[in-house]
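Notes to accompany the following structure.
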């Protein structure tokens, strides 16, 4: 006789199991808030993920700034090509600077720094002629007026008729504006002939040389003081400061050339800059002692009385 075993299934237990599975599925589909009070290992993992993500998206600033600077330079060059050279707008762009830029360019032209290139750091990407033009014009009048004042103070109190020398204005204008244009033109021709890789434009060099004359404006006023050693001390100070800026600016353009060419160019740059200051002192402020008008040489005139014979 076969033994039949009966299986008893509790319906309530099946309902409980289905209910638990349903709740589990609903919990998985719902959004959960992240607990800020995580355990140490879990929190470290999340922080590491965030740090890695931040590092990956944080690009170097220098690369971005260099790219933006290059884009700005190219944009300015494109804008300058929009106008033909025979129109006024073409030349107007060379005077598109504000007073703050001119001020800091003047200050930079007086403070030589071997770690800073004046042309690359302050003249680019917008070289101008506004600052150099007014610097040269101001220097013309300060030199001529101060030179006449020096002559006046030297002859004051003496029996000497002093007159204002207007020829000093003409001479000062000729010397200053010739230096401003001729020297950078010659230097630009040298760099072009030697195939310099610095990429200095003619306008940039004109702008640098114009600003380099700014230091002589206050010095020309101090040259009125008729103390010989003080005048030559000012020559050394002015030529050294602004000449040093010129050397640090143009040395990168010639340092890859032959040593004779490179050092010769640097020597000539400093020499011409110093000769300009020496010429100022000797022509405008080296006043000779005047000759009083009443101390001229006396001449004795003798008159011969003719002998007349009276005939009676």
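Every residue, even glycine, has its Cβ placed from backbone N, Cα and C.
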What range among 86-110, 261-285 does TrEMBL record as transmembrane segment?
261-285
Near the transmembrane segment (129-150), which residues from the same chain, at least 6 beyond its ends, have a CB less than 8 A from one of its CBs?
94-97, 101-102, 105-106, 164-165, 168-169, 171-173, 176-177, 180, 203, 206-207, 209-211, 213-214, 216-217, 220-221, 223-224, 226, 280, 283-285, 287
